[in-house]
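**Q** Found this in TrEMBL, in case it helps:
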BINDING   175, 289, 293  Mg(2+) binding site
């Protein structure tokens, strides 16, 4: 059940609450587990009601297909097979894999490499991948060795065939695949005649239509602080997807220094920035997911410059000793819920 603030949203570095969404008799909700986190779906029943168990079975099946395709935590997934594929000859992949890699390459070029789905060797080196935590930070030599295997320019996507020119390249789609999962669930709903809904997977959201009272869905971005879950800013995303990325939950400490789970592919090290969280609105959750991660890596100034250049709705929250400072792109301001009657 949706409440004023939903305590079940606990993604790694991504967090959103949902407001003003108390179920009416015509609102149905389901939830489940996927991608190492949970999903929650709420929809307004269409004229021809959709049975909950039937829809959940369809959603679970589709999400399992995505996990079987792109989860690095599954030894026999397509992505794990690709990462073991030590040859430069093309490997056949499925349509989901192709769509995600294609968008990841586009976003990597748009962000000048701040988002890079080949960052896997560095993620694992720093202890945030399937290999598990490390006891100490890696050396500069180890970082440089891993960096030599990083870069989307090592990838070549040709329809349903993917190849690499470096046998040691390791693909990690975790920065974008969860958002794609949200988009796919939205497709499942629309195929069944559901056009007023809210889909959430691990904090990534996709919204469409409105609540039964014809009012818009309203959500609140949480304060970027690991100590609690306080509402920071209310927004009305309309028909957009929403993603928030931050470095305030998943990290390790060594000798008093905190190492974020977000790795800058360009330096090979965890990001070091005052930027605590980035919230992005986009037509697809996959795009919002990737950009939110990239903007944390880029930092406030570069992220805002790109957002203004591309007309992207972005909210950035910086943390300082005095508290929080918020920066909005021009395109974000119309979505601020508290400015509406």
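Each residue, glycine too, has its Cβ placed from N, Cα and C.
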**Q** Given the recorded Mg(2+) site (175, 289, 293), which additional residues of the same chain have their Cβ within 8 Å of the Cβ centre, ordered by sequence?
**A** 115, 174, 176, 178, 179, 243, 245, 290, 291, 292, 294
**Q** For each of the binding-site residues (175, 293), count the other CB atoms lying within 10 A of its CB, then report the residue with the highest count.
**A** 293
**Q** Can you tell me the three-state DSSP label for residue 289 (Mg(2+) binding site)?
**A** helix
**Q** Within 10 Å of the Cβ of residue 289 (Mg(2+) binding site), how many other Cβ atoms can be counted across all chains shown?
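**A** Taking every protein chain into account, the count is 35.
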